[in-house]
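Taken from Swiss-Prot, the feature signal peptide covers 1-22. Residues or ranges marked as domain 'AFP-like' in Swiss-Prot (evidence: sequence analysis): 25-84. The site 'Important for ice-binding' feature in Swiss-Prot is assigned to Gln30, Asn35, Thr39, Gln65.
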Amino acid sequence: MKSVILTGLLFVLLCVDHMSSANQSVVATQLIPINTALTLVMMTTRVIYPTGIPAEDIPRLVSMQVNQAVPMGTTLMPDMVKFYCLCAPKN
């Protein structure tokens, strides 16, 4: 039960932190193997070039799968994530 509460708190804190960071892109914090479902632990944000998926989309990315291996430190691009689209409505 404690781990569920801590996970939820971490999710809220990360979402608030990432939503307040403008002009940042999502970056892999570890090697993400092909067909892996994304979790918050696998992603961070940075002001980086090339510009990739915006930081505010992290909540949408959770549980989406990558369609290729993503090395640690790599900017996540829209074509790397299955079913991700920049034009999709944001909740």
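Glycine is treated like the rest: Cβ placed from N, Cα and C.
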Discussion item. Using DSSP, what is the helix/strand/coil residue split across the domain 'AFP-like' (25-84)?
Written reply: 13 helix, 16 strand, 31 coil
Worksheet entry | Rounded Cα separation (Å) that holds between Thr39 (site 'Important for ice-binding') and Gln30 (site 'Important for ice-binding') | 11
Worksheet entry | Local Cβ density at Gln65 (site 'Important for ice-binding') - other Cβ atoms counted within 10 Å | 15
Item to complete: Work out how many Å separate Gln65 (site 'Important for ice-binding') and Asn35 (site 'Important for ice-binding') at their Cα atoms, rounded off.
Response: 5
